[in-house]
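**Student:** Below you will find the structure I want to go over with you.
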Amino acid sequence: MTRLEEIPSGSRVAGVDEVGRGCLFGPVFAAAVVLDEVAEQRLWQAGLTDSKKLSAKRRAGLVPLIEQHCLTRGLGQASAHEIDAVGIRGATERAMLRALQKLAHPPNVVLVDGNLPLRLWSGSQQTVVGGDSRSAAIAAASVLAKEARDALIRRLSDQFPGYGLERHAGYGTALHQKALLALGPTSLHRRSFLRRLLG
């Protein structure tokens, strides 16, 4: 496994990250982003970092910059049904693979945020703990995945009123749990995540 600084210059490197792994509702999203060195510097200077450390306004402002400067990008998702069928790790890997498959050109190396390799990827890859702050491509992927998933959940909140989805994006807040106990789960809730709450 090569270290970040040992990746050959000129390699087409894709950063991959996911969002929504711990949610009770909706799909898990992933994004893959390929940047060159100039784009990396521009995005770091623009304030790019881990999406969880950015305000919603700052994240939204970075999306057009990422889209403008990246060489290619892809989004993927795996449904609540898939999460229930294969587990959250397997579903997350499906979402990541789908994001990678949407890139205009296959990468030479994939950087995966965290410490778990992408088992479905047969090419060269490297896990990067804390990748959102160490790799601009991973940080950019985290922003795109977060913005795409949040936009979907906002749309779905109109379809499934009463759960407060627009406020918590599907995470297991006290408000969300109270609504689940009162209303029961929707067709897009992850049943495997609700067993302890609903019995």
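Cβ from N, Cα, C; glycine included.
Annotation source Swiss-Prot lists divalent metal cation binding site at Asp17, Glu18, Asp113, citing sequence analysis. Swiss-Prot lists 11-199 with the feature domain 'RNase H type-2', giving sequence analysis as the kind of evidence.
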**Student:** Given the binding-site residues Asp17, Glu18, Asp113, which one is most crowded in terms of C-beta atoms within 10 angstroms?
**Tutor:** Asp17
**Student:** How does the model score the domain 'RNase H type-2' (11-199) in terms of mean pLDDT?
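**Tutor:** Per the prediction, mean pLDDT sits at 97 for the domain 'RNase H type-2' (11-199).
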**Student:** Helix, strand or coil: which one is Asp17 (divalent metal cation binding site) in, per DSSP?
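**Tutor:** Asp17 (divalent metal cation binding site) sits in a strand per DSSP.
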